[in-house]
Amino acid sequence: MPKQHVYHLHPLGWENDPEEERFKVTTLDYLTVCSYNNYALFFKLEDSEKERAAEILKAGLERTLAQARHYCGTIEKDPGGGHSFTKKRNSTVRFFVQWLDAPEDADKYPSFEDLEKTNFSAVTLGDLEQWSVPPMTYGEKPEAHPDNSPVVSAFKANFIRGGLVFNIHHHHYTNDVMGWAGFVHQLAENCYAAVNGTKHPTWDPLNLDVSRLIKQEPPEDQKIDGPAPPERHPAHQVGMSLLFHLPKSKAAELKAKATPTDGTWISTYDAFSAFIWRNLTRIRAPVFNPDPKSTLYWCEAIDMRRRMHSPKVPPRIQHNVMFAVTSPTAPVTQPTVAQIMSEWSLSELASYIRRLTNSVTQENLDKTLEMVATIRDKTSLNTRVDAQPPLSILQTDHRDANITSADFGFAKPATYRHLLDRITEGVIIVYPPRDPLPESDEGCEFAIFYEKRLAQDLINDDEWSEYFEYRGVDAEDASEAKKANGTNGTNGVNGSS
């Protein structure tokens, strides 16, 4: 068995904390995915740096947990309805330190070089339970339901030959990706200060002020029943996550191709989103045979931090400060399958994405939350794209996370991944470039959760591969991964190229 130690970390200064603190789960938190997230940061490290890195992370976490205070404790029911992140004076957060770098275990656990060669694939890691804090891996599961007192967070430092895989677990109610990125940058700055003996970063108390996202609820007898909790659509097939790379030069070509001739502005995001939607629909249409006159479900997570204006919010505000705009409910006319595939020009489809994104405002969000406040059981309102039929897409944009610039004092991450052993069909994660230097052509990476038996059709498609480079299998469903023997390029899908 690998050597492992667990620390039960108190937030710095815990001795003087109140006996109990409760941080309300916001009305908006209920609309996110009811699951755990586990993001892994990958560091390149010499053996001589590892012990010190573990101590630095421990000290940095103690200070950061005293700032992002809702990370310490459990989610509990409130007596008057709803839920709260509940921190008691003696609450702790588990920090595991595991050593997977013994020479005799070289055939059991990958090195940093092995991970780098496979673009930091979860398949290369093998059984994610070895690298994680069960049951806090991604996926809708009873342990994550807020009525079951879920633990809010845990951390695990896995030292490997040549590096470190630092796994950060948190309940999705705790943070969206940009809230998590704010937490990571705060942690990195705290670690950097500990290493260099410099002043620690400040923490804006408004980072925990999410009162504007908590709407007044009517009396219990005036509330209404919401929909049944969403379940996975029966038509879905076994999925896997495929990793693709869009070089910056190719993204620029796509934007030029998708820009309307009338001078209407679109973004690079609009261009690649339109291209993705068109081609993923075109390639799979012969299999799923959608009615050309029907419409498809497109959902994108919009970061509201930049869209809040009355008043503005600090960039590191915690919780879920995002809104999932969906094509069926947005005040924009949806395209049909035929229009998505070919009848609309790429410019028209990109312009639709821009109108969809622009339809999300602080005012629209407020109206939605006022409606949500009237629902009796808000836990049934969580977003679940695999409850929609095949060909549905939920795209989440991580481009502003900028994790590779976070200097922990002992190293900067080479990249990060949302580690997965459960595939939610229809999800697309847009990762920021690993190399942010202007002269580099390294662009965004895309983890596309796709039907396994159709994967090779996408990888080999000429129109798709003209822009998107295949980088290998990013993740497989746990039941399938056991058949893969922990190696990439198995199960009939080619490895990275």
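Here the Cβ of each residue, glycine as well, is placed from N, Cα and C on the backbone.
On a predicted model such as this, the values are computed, not experimentally measured, just so you know.
The following features are taken from Swiss-Prot:
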type     : residues                       : note
BINDING  : Asp221, Ile224, Asp386, Asp462 : Ca(2+) binding site
BINDING  : Lys255, Asp303, Thr396         : CoA binding site
REGION   : 477-497                        : region 'Disordered'
COMPBIAS : 485-497                        : compositional bias 'Low complexity'
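Here the features listed in Swiss-Prot are placed on the structure.
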residue: Asp221; record: Ca(2+) binding site; DSSP (3 states): helix
residue: Lys255; record: CoA binding site; DSSP (3 states): helix
residue: Asp303; record: CoA binding site; DSSP (3 states): strand
residue: Asp386; record: Ca(2+) binding site; DSSP (3 states): helix
residue: Thr396; record: CoA binding site; DSSP (3 states): strand
residue: Asp462; record: Ca(2+) binding site; DSSP (3 states): helix
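Thr396 (CoA binding site) sits 25 Å from Asp462 (Ca(2+) binding site), counting Cα to Cα.
A distance of 52 Å separates the Cα atom of Lys255 (CoA binding site) from that of Asp221 (Ca(2+) binding site). The number of other Cβ atoms within 10 Å of the Cβ belonging to Lys255 (CoA binding site), over all protein chains shown, comes to 18. For Asp303 (CoA binding site), the count of additional Cβ atoms within 10 Å of its Cβ stands at 20 [all protein chains shown].
If you take the C-beta of Ile224 (Ca(2+) binding site) and look for same-chain residues 6 or more apart in sequence within under 8 angstroms, you find Thr374, Ile375, Arg376.
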